[in-house]
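Taken straight from TrEMBL:
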COILED    186-213  coiled coil
COILED    261-295  coiled coil
COILED    336-384  coiled coil
DOMAIN    390-499  domain 'NFACT RNA-binding'
Amino acid sequence: MSLKLSKKSSMSFVDLLAWLSENKGKIVGCRVDNIYSILKGRGYLFLLHCRDGDKETILEPSRRIHFTRYQRERVLDNKAKMLRELVRGAVIREVDVVPGERIVVFSLSNDHKIYLELLPKGVLVVTDSQDRIKFVNEVREFKDREVRPGQVYRVPPKPGDLKPEETKKLLTKGALSRILGVPQEVLDALNLKASTQEELEEVKKKVGELFEAIRSGKIEPCIGKGTFMPLKFQDCTPGETFNGVVDDYFTEMERSEREQNESSSAEIGRLEATIRELEETVKKNREEAETLRKKGKTIMENFSQLEILRGKGVKEVTLGEVTVEIDPNLSLTRVASSYFERAKELESKARRAEETIAELKKKVEELKLKLRETEESKSLVIRKKEWYEKYRWSFTRNNYLVIAGRDVDQNESLVKKMLGEEEIFLHADIQGAPATIIKDSKGVQEGDIYDAAVVAACYSKAWKLGLGSVDVFWVYGSQVSKSPPSGEYLPKGSFMIYGKKNFIKNVRLELAIGLREEVRIEAGSEEAVKRRCNHYVVLTPGDNDVDKVAERVVKILTRGSELKGLKTLKEEIAKLIPGKSKILRTSLQLESKTGSEKQNNL
């Protein structure tokens, strides 16, 4: 029975341990000579000057780390320049793995550190001596941490230990990988299985022996179809070094992706050439068919006159712009029919060609879409949804999270489960509005409360009524209750407010929708969105359907961004629009206006 292993797209924790065990001694003491961006910005090439020779080292977040002997296109973009400013010339003093995590840490002679995360949605981070982030290749926000310049870098929190009953349940499901935190491919390669606690302890022992062997340098590099490991497995080809195996595997993956794209591009070229030829044929056939029909029609309209000429032996007659040929051996009716039949045949050929053209164009679009998806999968971050994204959400100008209910059920859930006593609760002063909360409100400022009020107002019934503004009040969570006065009943989604309400008068219904650098769409007050997004539009109630407004927003944000794949976010944008709207202004217009003012001031 052959061993079936899933195709590997990134290094596992076991791979990382093996690579460091083999190469730690080679990389410590190296000086960072230069840095380039590679793989269309997905990775970085570090040129290291080492005692045993220079080493070109690839650091690609979420995927890999290894020395490479293959040449790749190098680009000096802004991010590579920032990395150079921070670490060029520094010596690598130490390199290690964060215990239990696929995170490599480089400690440098200038007291900076480089963190390379090989986790899903991983990042490349440079920190200072206080572990404060000086550079990150992509800003990330998670439920338990935020990775952005200026923040202290924190690794993901470790999951808690499994309870005995959880372990037992996973054992019955055969989820040994979940229990041990070991890649399934390693368990499969070693043929390790367990269905009882006794068998589990035996497997743990063997896994521990494997880790100890790897740490001591006992590595058996092997590469097979769709994967590689630091141990032998069925039908694999041994390699001289584990680094060489990793380098060969990922370089071949790059080549395969490139060839697939090139093949698709070539096929598109061939199909488009065929389409052009067929379109010329269709044009020629339709023009000729039209000429033949005119000849047949001319004969029938001038039948008597042509019959006389035919009797005199005339073989060709020009009437107006039409010249008809007359066969003395055929009746005029037969000649006209011949013209019509030939025209019909050419029109039929043209229709068949047009059907073929339609099929070929459809195939071209499918190939182009596949190409775009391949490219966009590299440039467009397909994010795992954050916990708060099931609600309406936004961030204030000072990065406080705002969440609001999408419906009555969510309003109920937010107040019951998510509202802390010291957190701020907001509600538009109109029936039919979302329960809105500023999470972790300690230290919140007046501007943050206004930003949250904009969310509460824009997603209220006031938008669909076409109002220009609405009042919004806020209170603390301790003032909100689901308990009605004695003898009264509170319908679902309704709450009692006790104590003083703080009103924000005439909150304008102006919702900004913006694009962040890491390809993320956000909505909120204009002040909040413009601080967090590169480009944005401001909407207000209007007469345009949501889909049409979303299409327009996509076009505006695409024009203001060099990123690919934005059009795939149209549905996400549409979900953020409260109802029929119009575009009030855009950041691009504001930038253009500012530029004009600057020119006028010169």
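Glycine is treated like the rest: Cβ placed from N, Cα and C.
A TrEMBL annotation is a machine prediction, not a hand-curated record.
Same-chain neighbours of the coiled coil (261-295): 322-324, 336, 339-340, 342-344, 346-347, 349-350, 353-354, 356-357, 360-361, 363-364, 367-368, 370-371, 374-375, counting only residues six or more beyond its ends whose CB sits under 8 Å from a CB of the stretch. In terms of DSSP helix, strand and coil, the domain 'NFACT RNA-binding' (390-499) has 32 helix, 28 strand, 50 coil. On the 0 to 100 pLDDT scale, the coiled coil (186-213) averages 85 in this prediction.
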